[in-house]
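To start, I am sharing the structure in question, which I have written as structure tokens.
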Amino acid sequence: CTTGPCCRQCKLKPAGTTCWKTSLTSHYCTGKSCDCPLYPG
């Protein structure tokens, strides 16, 4: 992976890493994709 909220320095962030957070909920990286599940961007 090269870009995305779940990518850092061309590597996937670990599963469970917060990729998007609001005052009501958080979404987490899966460790298998550079995209954030349900990320609104």
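Counting begins at 1 with the first residue displayed.
Just so you know, glycine gets a Cβ as well, placed from its N, Cα and C.
Relevant sequence annotations retrieved from Swiss-Prot are reproduced here:
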DISULFID  C1-C10  disulfide bond
DOMAIN    1-41  domain 'Disintegrin'
DISULFID  C6-C29  disulfide bond
DISULFID  C7-C34  disulfide bond
DISULFID  C19-C36  disulfide bond
SITE      T22  site 'Indirectly maintains the active conformation of the loop'
Name the residue among the disulfide-bonded residues C1, C7, C19, C29, C34 whose Cβ has the smallest number of other Cβ atoms within 10 Å.
C1
Might you list, by sequence position, any residue in that chain lying six or more from C6 (disulfide bond) with a Cβ less than 8 Å away from its Cβ?
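Residues satisfying the criterion: L12, K13, T17, C19, C29, T30, G31, S33, C34, D35, C36.
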Which of the disulfide-bonded residues C1, C7, C10 has its Cα closest in space to the Cα of T22 (site 'Indirectly maintains the active conformation of the loop')?
C7
Is it possible to get the count of other C-beta atoms within 10 angstroms of the C-beta of C10 (disulfide bond)?
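Result for C10 (disulfide bond): 9 neighbouring Cβ atoms inside 10 Å.
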Where does C7 (disulfide bond) sit in the DSSP three-state scheme?
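DSSP call for C7 (disulfide bond): strand.
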Of T22, C36, the recorded positions given in the record, which has the fewest other CB atoms within 10 A of its CB?
T22
Give me the DSSP three-state residue breakdown of the domain 'Disintegrin' (1-41), ordered helix, strand, coil.
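For that range the per-state counts are 0 helix, 11 strand, 30 coil.
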Quick one: pull the CA-CA distance for C1 (disulfide bond) versus C7 (disulfide bond), whole Å only.
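Roughly 6 Å, rounded to the nearest whole number.
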